[in-house]
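Q: One structure coming up, written as structure tokens, with questions to follow.
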Amino acid sequence: MPPAALSVHLAIGQAYAWSVFKPPLESSLGLSGTQSALPFQLGIVMLGLSAAFGGTLVERNGPRWSMFVSMVCFSSGFLLSALGVATRQYWLVVLGYGFVGGIGLGIGYISPVSTLIKWFPDRPGMATGIAIMGFGGGALIASPWSAQMLSAFGTDTGGIARTFLVHGVVYAVFMTMGVLLVRVPAEGWRPAGWEPGRAASRALVTTADVSARNAIRTPQFYFLWIVLCFNVTAGIGILEKAAPMITDFFAETATPVAVSAAAGFVALLSLANMTGRFVWSSTSDLIGRKNMYRVYLGVGALLYLVIALTGNASRPLFIVCALGILSFYGGGFATVPAYLKDLFGSYQVGAIHGRLLTAWSTAGVLGPLIVNAIADTQKAAGRTGPALYTTSLYIMIGLLAVGFLANELIRPVSERYHERPAAEPETRAAERGQTR
Amino acid sequence: MTSADSQQPDAGARRHTGLMVLAWAWVGLPFAYGVYELVQKLAQLFAG
């Protein structure tokens, strides 16, 4: 099951490498930077929307269906984009990559989550950590691969169209492996020697099931939404502006950071983001989800404080703190499905996860907006160096503190939201019947 | 139980192991390529 999940997540993780296509699209089609970012932005919006609204379908029809839909949408997005570039119809690229491909991103992102949790009920954090680490790793593969293909085919419209075409075909083949491999465990399957009751003796871990419809009526869902949103906002603020940030921070020191070194810093942050997804999510199986988020939010806020207080005094210290923050950013993404499973059970955890991902879409707008707007204002006021970012850093500390408080307020879900065991088989049979 | 019967589970296990190796290689090799490219970029941070 993990390779099946990875074959989807490693493919759709390509979305974070969209920036490779921006300069050639701008020069060959005469686009502005804002216009060339449109397919990616629409893709992320569609990711959140399709995960939120398609989650129930994913639960009903199972992982093979959803991985297939994801593969068709994601690959078709590239094929439509190839057609759009070849015919110089940029709207087709936006529609193809952003709208159609974005649906593939959302459905693909949540498709293996619930199945992984059912296969590994004893280590849900590790299981979802592997898959969601794949989403981080997707850009690591796509970024150099796309760049090499563009340099081979050329950066004119013909070259970009051929590159999109190859991406569409290769990703279709690559994701098909996941579609073929994925298996749902038999009803009642459990790992040898594992007892659900023993795991449920931990605070917050339930053996009951809560439907997606009921989950969004609980305060726990909204507290977790705030936790995810602010944890992601804090990380994305650094991630999105990493290269100019490290350059600005140390511009006035004896050892300024060169452009190539800034690219290395971005790469290091990607590694921390990816590793954090697996390491911290697996750690949450040992120390519990609530404690893990205390670390992400509490220690994350302290690391931001260290950067704000020390400024450009030490480059290694700045890098270590940024790495910690980015590892917590990745960990926050990867641990949340297991947190949902603890609170709401595994019954419709994929659908609930889909709805929670609207927090990601919100943070994707909020984080860059805060950091960019404040840096621009400070620059206009004639400030330089760390002063460009100090206010943003304190805002991030405030957001993390609010997230920490929201995490503290999370309690076990009230029994009135639990599915009734006696009605369970009928309800589920009825739901299955509706899909036929 | 015949010897053919006892060999069947072995063949099944071998097929399963082969499929696992293929599946992990399918995702592991592209991932290793991505990590290799990343490590090359990392060197620039410490050189710069």
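Counting begins at 1 with the first residue displayed.
Each Cβ is built from the backbone N, Cα and C atoms, and glycine gets one as well.
Curation plays no part in TrEMBL annotations; they are all automatic predictions.
Pulled from TrEMBL, these are the listed features:
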- A:1-410: domain 'Major facilitator superfamily (MFS) profile' (DOMAIN)
- A:41-58: transmembrane segment (TRANSMEM)
- A:65-84: transmembrane segment (TRANSMEM)
- A:90-113: transmembrane segment (TRANSMEM)
- A:125-147: transmembrane segment (TRANSMEM)
- A:159-182: transmembrane segment (TRANSMEM)
- A:221-239: transmembrane segment (TRANSMEM)
- A:259-280: transmembrane segment (TRANSMEM)
- A:292-311: transmembrane segment (TRANSMEM)
- A:317-340: transmembrane segment (TRANSMEM)
- A:352-375: transmembrane segment (TRANSMEM)
- A:387-410: transmembrane segment (TRANSMEM)
Q: Looking at the stretches A:41-58, A:65-84, A:259-280, A:352-375, which one shares the most CB pairs under 8 Å with the transmembrane segment (A:292-311)?
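A: Most contacts with the transmembrane segment (A:292-311): A:259-280.
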Q: Are there residues at least 6 beyond the ends of the transmembrane segment (A:387-410) whose Cβ is under 8 Å from a Cβ of it, and what are they?
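A: That would be 204, 219-220, 223-224, 226-227, 229-231, 233-234, 237, 245, 248-249, 290, 293-294, 297-298, 300-301, 304-305, 307-308, 311, 343, 370-371, 374-375, 378-379.
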Q: The transmembrane segment (A:317-340): which same-chain residues, six or more beyond its ends, come within Cβ distance under 8 Å?
A: 113, 117, 124-125, 128-129, 132-133, 135-136, 215, 224, 227-228, 231-232, 234-236, 238-239, 242, 246, 249-250, 265, 268-269, 272-281, 284-285, 289-290, 292-293, 295-297, 299-300, 303-304, 306-307, 310, 349, 352-353, 356, 360
Q: Grab the same-chain neighbours of the transmembrane segment (A:65-84) for me: Cβ-Cβ under 8 Å, and only residues 6 or more beyond its ends, written as numbers and ranges.
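A: 4, 8, 11-12, 39, 54, 57-58, 90-105, 107-108, 110-112, 161-162, 164-165, 167-169, 171-172, 175-176, 178-179, 182.
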Q: Sort out the residues at least 6 away from either end of the transmembrane segment (A:352-375), same chain, that have Cβ-Cβ distances under 8 Å to it, and list them.
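A: Counting only partners 6 or more residues beyond its ends, the transmembrane segment (A:352-375) has Cβ contacts under 8 Å with 44-45, 47-49, 51-56, 58, 106, 109-110, 113-114, 210, 212, 215-216, 221, 224-226, 228-230, 232-238, 240-241, 244-245, 248, 333, 336-337, 340, 344, 388-389, 391-392, 395-396.
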Q: Let me check one thing: do the transmembrane segment (A:259-280) and the transmembrane segment (A:90-113) come into contact, meaning three or more Cβ pairs under 8 Å with sequence separation of at least 6?
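A: These two segments do not touch.
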